[in-house]
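Below is one structure, written out as structure tokens; comments come after it.
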Amino acid sequence: MRAFDLDTELTAERHHLTESRAALARMRGRAEALFSTGDRVAGDAYTAEQLGRHMARRVKELADDPTTPLFFGRLDIEEAAYHVGRRHVTDDAGEPMVLDWRAPLSRSFYRASVRDPQGVSTRRRFGFVRGELTSFEDEHLDRGEELGTSSRILTAEIERPRVGPMRDIVATIQPEQDELVRADFGDSICVQGAPGTGKTAVGLHRAAYLLYLHRERLRRSGVLIVGPNTAFLSYISAVLPALGEVEVQQATVDELAGRVPVRATDTPDAALVKHDVRMAEVLRKALWRKLTKPTEPIMVSDGSYRWRIDAEPLRRIVDEARREGLPYAVGRERVRARVVGLLQRQSEYRTGNSPSEPWLRKMSKVAPVTEFLDAAWPAVTPESLVAEVLTDPPEGVLSDDERSAIRWAKPPRTVKAAKFSAADLLLIDEAAGLLERAASFGHVVIDEAQDLSPMQARAIARRSEHGSITVLGDLAQGTAPWAAAQWRDTLGHLGKPEAAVVPLTIGFRVPASVLTLANRLLPALGVDVPEAVSLRRDGELAVVPVAEPSDLDAATLAEVTAALAHEGSVALIAADEAVKRLRGHLDAAGIENATPDDVESEARVTVVPATVVKGLEYDHVVVHEPADIVAAEAKGLNRLYVVLTRAVSRLSVVHAKPLPGPLG
Ligand SMILES: Nc1ncnc2c1ncn2[C@@H]1O[C@H](COP(=O)(O)OP(=O)(O)OP(=O)(O)O)[C@@H](O)[C@H]1O
């Protein structure tokens with residue numbers, strides 16, 4: 001009898017899904033019709049373009065992804081049932097068929113509990129396979145039933161094989177995650193979470209949530225996601241579009257600051273100095289020291305009359321503009337405008353008439369005015385300021401050794417010919433920020449933030465000055481030479497020193513056995529962070545010692561081949577210098593393989609250099625010679641911690657050398 005009831009229920013739910021899909025198709029049809037007639041109804045070209053863009057976006061937002069169901073849950077509140085899904089769907093009369101997961105009512109889907117039922121009598125979660133409903137699971141909160149993390153549907157979602165890019169987690173956001181996702185727009189937050197606790201997922205869902213709640217405001221100012229490298233950004237790039245959000249920008253910090261191409265490489269010592277926050281001070285001083293006190297009057301003739309401004313009022317103008325704290329280039333123009341203002345007043349006094357616009361324009365460009373400006377408040381470009389500092393690093397802030405580390409061995413003949421490094425681009429960006437204010441995004445999500453250098457953090461701060469930020473990271477995974485040991489410093493450089501630091505500790509990726517191995521490294525990493533507790537009991541861990549170093553590659557190949565017998569993605573992670581050789585072995589063995597940058601590839605095996613694996617995950621991970629990964633860089637143990645925490649189901653560690661540090 002009960003089975004029959006369940007069947008009937010499931011049939012009814014499937015029917016509701018079919019109806020909802022049909023309603024969504026009609027919504028899209030209406031949007032498409034408006035899109036094609038938009039330019040005819042709009043009054044002018046500008047309105048037509050605006051409307052066209054709006055409608056094109058709307059059509060995209062209403063796309064139906066047949067591989068995911070339109071709803072994944074249901075709330076019974078009083079007599080009504082509300083289906084919760086990826087976006088609002090309404091019937092032809094405008095009645096809701098599916099509620100957007102971000103709507104206020106949907107919040108109870110994630111947060112209601114027996115202790116605080118929020119009016120919910122039953123919460124239903126749906127199981128699905130490729131967009132079709134296959135099962136459901138009820139929690140009768142009013143009868144004291146609550147599944148929490150023992151939900152079968154949650155477990156199945158966490159344990160599913162990972163294929164392709166990252167997916168959204170709307171169906172199974174956990175209460176501690178939901179609290180972060182729905183934090184107020186104005187709140188900047190920093191999430192410290194062990195590997196696989198869902199930091200990236202939380203950041204992306206928070207972006208989607210804020211866009212839903214503050215759509216107009218954020219459409220104007222924009223939302224930006226900052227990630228560590230392009231492989232990572234392509235891995236996460238499908239999540240927001242799947243949630244209907246198609247207008248979010250993604251960039252690495254290098255891309256943000258990429259005003260000129262990178263054409264030089266720094267020594268490690270030079271890079272260290274250039275990423276140091278004191279470089280901001282060096283640049284600021286080098287810039288403002290260019291101002292000089294006017295000592296000569298300005299004498300201008302406009303053909304009919306001669307005008308004169310004495311040194312004293314000129315000094316006052318420069319001092320005043322300096323005190324106003326404007327960006328340098330804005331200050332220079334302010335001084336010019338005030339000088340022209342004085343000329344204008346003299347002209348009015350003498351002729352009794354207001355001078356014409358062309359006269360004012362001419363006066364602002366005449367040689368005596370420009371010469372005065374070039375002496376008192378010289379024109380500077382970001383590139384010229386940085387070139388100057390690198391040609392002859394000023395004394396006062398840096399030590400002599402540091403100054404020599406960054407000094408150009410052979411200064412270029414012109415600024416145009418200068419070859420700048422990636423770190424120089426940050427200096428140029430800093431200089432640009434001193435000259436002019438950067439436009440600010442409404443919200444910026446920063447992933448893997450533990451690796452930001454102070455100068456990188458400042459580049460982001462300039463772009464989020466008037467907005468809020470979500471900072472995601474794990475101090476234990478810091479591998480950059482300047483990686484933070486505590487969050488306060490980074491948050492200060494990001495311009496949000498007051499942001500709350502919130503921990504996430506439930507691990508959704510890494511199986512308990514694998515996590516136990518990785519956690520052995522934690523005490524050696526020099527940071528104070530809580531360990532993750534894995535929700536997953538199912539994984540496998542194999543440590544494979546190889547007696548003869550010459551057999552190491554063959555043993556690694558055997559592990560990769562064994563992993564291919566299982567469902568899901570396979571990654572071979574190795575020290576960067578071994579990647580090419582290992583790919584050669586795979587090719588020779590006829591095993592199709594790709595690099596993580598190649599998102600289009602169908603190959604099941606990805607060969608990943610240890611330095612780009614941060615943020616990524618694979619079902620089966622084969623790690624090649626951990627000792628070499630550790631030896632390759634100063635923070636090698638932190639790198640190994642990252643490498644060991646990429647596996648969703650199985651981890652094999654193949655080694656001929658002794659296992660490093662606390663693992664040995
Ligand atoms: N509530 C959840 N339900 C289902 N899956 C989840 C949930 N939270 C996280 N996951 C999954 O766990 C995995 C790890 O999440 P994510 O990459 O966001 O973690 P992270 O904290 O950023 O990890 P890392 O620090 O290693 O980069 C992803 O596959 C994600 O989809």
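Backbone N, Cα and C atoms are what each Cβ position is placed from, and that goes for glycine too.
Annotated features, as they stand in TrEMBL:
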BINDING   GLY193, ALA194, PRO195, GLY196, THR197, GLY198, LYS199, THR200  ATP binding site
DOMAIN    172-511  domain 'UvrD-like helicase ATP-binding'
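One residue stands out among the binding-site residues THR197, THR200 for having the most other Cβ atoms within 10 Å of its Cβ: THR197. Listed in sequence order, the binding-site residues among GLY193, ALA194, THR197 whose CB lies under 6 angstroms from an atom of ligand 1 come out as GLY193, THR197. Close to the recorded ATP site, the chain also has ASP474, LEU504, GLY507, PHE508, ARG509, ALA532: residues not among GLY193, ALA194, PRO195, GLY196, THR197, GLY198, LYS199, THR200 whose Cβ is within 8 Å of the site's Cβ mean position. Counting only same-chain residues at least 6 apart in sequence, those with a Cβ under 8 Å from the Cβ of PRO195 (ATP binding site) are ASP474, GLN477, GLY507, ARG509, VAL510, LEU515, ALA518, ALA532, TYR641, VAL642, THR645, ARG646.
Note on the domain 'UvrD-like helicase ATP-binding' (172-511): its mean pLDDT in the predicted model is 94.
In the three-state DSSP assignment, the secondary structure recorded for GLY193 (ATP binding site) is strand.
Taking Cβ-Cβ distances under 8 Å and a sequence separation of 6 or more, the neighbours of ALA194 (ATP binding site) in its chain are ASP474, ALA476, LEU504, THR505, GLY507, VAL529, PRO530, GLU531, ALA532, THR645.
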